[in-house]
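**Student:** Copying in the features that Swiss-Prot gives for the protein in this structure:
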- ASP67: active site, proton acceptor (ACT_SITE)
- HIS63, HIS65, HIS145, ASP216: Zn(2+) 1 binding site (BINDING)
- ASP67, HIS68, ASP216, HIS274: Zn(2+) 2 binding site (BINDING)
Amino acid sequence: MDIQFLGTGAGQPSKARNVSSLALKLLDEINEVWLFDCGEGTQNRILETTIRPRKVSKIFITHLHGDHIFGLPGFLSSRAFQANEEQTDLEIYGPQGIKSFVLTSLRVSGSRLPYRIHFHEFDQDSLGKILETDKFTVYAEELDHTIFCVGYRVMQKDLEGTLDAEKLKAAGVPFGPLFGKIKNGQDLVLEDGTEIKAADYISAPRPGKIITILGDTRKTDASVRLAVNADVLVHESTYGKGDEKIARNHGHSTNMQAAQVAVEAGAKRLLLNHISARFLSKDISKLKKDAATIFENVHVVKDLEEVEI
């Protein structure tokens, strides 16, 4: 499980940073990629990665500001041109209006897609659990921005316990099909009469990962709730230390406020993105250094960076 950042800039693209988008790569878990936001130029960034557009099965939009959605028509169209690959349907989750934006863009441009898009729109009254599969659950909660905006909490369901092969060998169980039966929870009796209780050779279930991905927001309790015990918290950092007033006026957060959210939520790691173009390289180092005085395990991400979860 990895996150690859396709756009880490704020508001408009710069030479160093494209506008908002990231890919949650779940290839080992479910052979899918989930995209969060799709700012202008996202498809160009994808060309610089190993991501195959057909693997993108779901797109989650945080809000309808242009720097988070203007890349959708282009990406959706390019996804249709995957030579020799089976076309697969796509799901888009987002605030009310995202369906109208996508369909209008495709209609006006005369674009026809060989796959179906299934839209899941929500508003303030229809948040909470928005998706559940056999391996993941996704929650959405409203944040505090200048327009309706949400954050997402992706929870991987608990993983099966692992089989203790060495302990089985010591008990006289020959390697082979019996291992598979025990792994599936089946109790056995060996030829010599030894009883093998599967539960004695399988570890307890392992807790799944929690990934929190926030849209643009002021500091708010909703961010903390979404990030409780998160393995990774992706939080915007449009402004730096001392800019709390201007950040609030524009519906954004500082690096220090993001760090405070991480502390209050008990998150394990904080990844700062949505970085303003006014921050030069030396300023990026300061963003991290200042935030680390509050929450030590912090990192300022850059375009195309990949983070293992």
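Any Cβ shown, glycine's included, is placed from N, Cα and C.
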**Student:** So among the recorded positions ASP67, ASP216, who's got the most Cβ atoms within 10 Å?
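**Tutor:** Result for the most crowded candidate: ASP216.
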**Student:** Using DSSP, would you call HIS68 (Zn(2+) 2 binding site) helix, strand or coil?
**Tutor:** helix
**Student:** Identify which of the binding-site residues HIS65, HIS274 has its Cβ surrounded by the largest number of other Cβ atoms within 10 Å, counting every protein chain shown.
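**Tutor:** Counting every other Cβ within 10 Å of each candidate, the maximum falls on HIS274.
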**Student:** Considering only the binding-site residues HIS63, HIS65, HIS145, ASP216, which fall within 10 Å of HIS274 (Zn(2+) 2 binding site) when distances are taken between Cα atoms?
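**Tutor:** The binding-site residues close to HIS274 (Zn(2+) 2 binding site) (Cα within 10 Å), listed in sequence order, are ASP216.
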**Student:** Near HIS68 (Zn(2+) 2 binding site), which residues of its chain come within a Cβ-Cβ distance under 8 Å, counting only those 6 or more away in sequence?
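**Tutor:** Sequence-distant Cβ neighbours: VAL19, SER20, SER21, ASP37, CYS38, GLY39, ILE61, THR62, GLY215, ASP216.
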**Student:** For the binding-site residues listed here (HIS63, HIS145), which one has the lowest count of neighbouring CB atoms within 10 Å of its own CB?
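**Tutor:** Candidates: the binding-site residues HIS63, HIS145. Fewest Cβ atoms within 10 Å: HIS145.
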**Student:** Check the DSSP secondary structure of ASP216 (Zn(2+) 1 binding site), expressed as helix, strand or coil.
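**Tutor:** In the DSSP reduction, ASP216 (Zn(2+) 1 binding site) maps to coil.
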**Student:** In angstrom units, rounded to an integer, how far apart are the Cα atoms of ASP67 (active site, proton acceptor) and HIS145 (Zn(2+) 1 binding site)?
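**Tutor:** Cα to Cα, ASP67 (active site, proton acceptor) and HIS145 (Zn(2+) 1 binding site) are separated by 14 Å.
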